[in-house]
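Below you'll find the structure, written out as structure tokens, and then a few comments.
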Amino acid sequence: MAGVQIEVADIIIIVLYFILVLAVGLWSMWRSNRGSVKGYFLAGKNMWWFPVGASLFASNIGSEHFVGLAGTGAAAGIAVGQYEWNSLFIVLLLGWAFVPIYISAGVYTMPEYLTRRFGGQRLRTYLATLSLFLYIFTKISVNMYAGAVFVQQALDWDQYLSIIVLLAVTAVYTILGGLKAVIYTDTFQVVVMVIGGFILMIISFVEVGGMTGLAEKYFAAIPVTNNTALAACGAPKADAFHLFRPADDMHLPWPGALLGITALAIWYWCTDQVIVQRSLSAKNIHHAKAGSIVCGYLKILPVFMMVFPGMISRALYPDEVACVDPAKCMEVCRNPVGCSNIAYPKLVIELMPTGLRGLMLAVMMAALMSSLTSIFNSGSAVFTIDIWKRVRKQASERELMLVGRLLVLVMVGVSIVWIPILQGAKGAQLYQYLQLIQAVIGPPICCCFVLAVAWKRINEPGTFWGLMAGLAVGLVRLIMEFAYGEPGCGEPDLRPAILSKVHFLHCGIIVFLVTFIVTVVVSLLTEPIPDEKLVGLTWSTMRKEQEKEAVEVPTEHSDDIENPDEKNELPDNPEEVEKMEVDEKAGGKQDEDEAPPKWLRVYDFICGTTSSEADQSQQALPSIKEDPFWRRVLNINAIVCVTVAVFLFGFFF
């Protein structure tokens, strides 16, 4: 697939897009408090509902959605849309069931919640390390790959230069502005994505002849090949327009879709730092819930904006998008496995006129940048609060902010180094491996958090060993997948039955059950956590925040827990107390007399910190009390959102 000539109008639109993104980022940067943990990582806990909802959607919808969802739709139909519409239910679960607990607990990160809930540090360290690993080697990598595919296929631009420029712009407002800059730019990016996606969707449906024309042409979209053994592989699925497939379907069986996707969705939407951090930035519980509703409505769109256009691309260009002959596929997209990933770029090239083609490139840039900024900021929060603060217990606010910003640079550097690795990888396999990794890693964490908030009897040993058991079972499956690979079209499947007969979503259900059983059994065999240590940390013990005692639970693994009371203890001897007061006054006077060096003053100006910045991490928690009127309004909207989701599932059943 050859690249196209970019016209002046396209370049103008792309330049305007970059200018607007930087303008929004800089504007929000100067309006935000970026000098404290709360200000930098949680936007001062002062965001209103629409930016919260838009940022939730933007953080989820990356460039891999435009490439991957459209490609999977082209190959197998609309069943992949279950990932999107299932989220309508789960994002509401985030706002109604999980966020009140996190707010009541007064946490900034998900690993921090585990320490508050169970005590000890090993759960916190495990989840923080795992999150950073997944951010760098799955989320960033897939976003980078999808962006590279679009740049290469649609525009024939140099991948390295294009992605480095995108990363540079992304890093500027992420490092300087913090979460508030990320959320406001996400809101702008969502507007760009929705407008551009709708334009391409409308043009595509007009070109194919509406839904009726799509149904006719899609089933006739069989690629031409001289290999009769491969001809059957290129035929569209008979149930391509149905969401639910038979239980033995190896693409998306209905038990896996109903239970496996739900477990993955709870892990992603309710326990992943990238998502939850946006809800925690809301100014109160009403704005957090309203943000979930906004995101829920927006999640209706990807099936129509991405999956159906992918199917249209196959219907219009079957020999390229649906190619099955390895030689032909290499000629079309340089990938012998298949070329379904070019479905969306192909539409942009063939159907979009000059100017609008530049808009669609801006849409892909928006999707890529919005996801990367979210990952960078959330990864920085996890590392700074859950790892660095453990290593440097006495770290100042300025030091924490500096470390958080430097980690963003490190993640940008890793992303750039990752480009040649992605270039050598097979795109179809990479996207599938992402789903496999999530299916084995996500369910244990989902089970851990669901039990943590739902049942106060669960304790630290049970949760830890349940996570380890689930991880072990999942890794066995993942290692086997990498070892055996997947047979090509027309080749016999000689893999063990656990691979050839058990879908990875079914494996995710098994992993969840193993985690659940081990967690419950070990918890029941060990000492329970006293109720007074769980106030505000589970559904059954949640109280008004002023009644909550924010304490960490000691276990046999928590000897190294930092006791905040010990830091403020005074000596028993009055003379020593008086000496400490004199020393503090002398030290304070000396600090006032000494002006900070110029480089530090420049840093403070750019990053929004001051030498007298107080630690705001222990400020009073926001209230989880709700106004009855707004509670009813939000509940009605949630019911409407759920009703729409049920209708969509029923209509496309």
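Yeah, the Cβs are placed from backbone N, Cα and C, and that goes for glycine too.
The annotation transmembrane segment is assigned in TrEMBL to 48-67, 87-105, 126-151, 157-176, 188-206, 252-270, 359-388, 400-421, 433-455, 462-483, 503-525, 633-652 (among others). Sequence annotations record features per position, and here TrEMBL assigns compositional bias 'Basic and acidic residues' to 546-590. If you look up TrEMBL, you'll see 546-594 marked as region 'Disordered'.
Away from its own ends, the transmembrane segment (633-652) comes close to residues 78, 81, 85, 88-89, 92, 95-96, 241-243, 286, 289-290, 293, 296-297, 300, 303 of its chain (Cβ-Cβ under 8 Å, at least six residues beyond either end). Across the candidate stretches 87-105, 188-206, 359-388, 400-421, 433-455, the maximum count of CB pairs under 8 A to the transmembrane segment (48-67) is reached by 359-388. Against the transmembrane segment (433-455), the recorded stretches 126-151, 188-206, 252-270, 359-388, 400-421 differ in Cβ pairs under 8 Å, and the greatest number is found for 252-270. As a quick check, the transmembrane segment (359-388) and the transmembrane segment (400-421) clear the bar of 3 or more Cβ pairs under 8 A, pairs 6 or more apart, so the two touch.
For the transmembrane segment (87-105), the partner stretch with the most Cβ pairs below 8 Å, chosen from 126-151, 252-270, 400-421, is 252-270.
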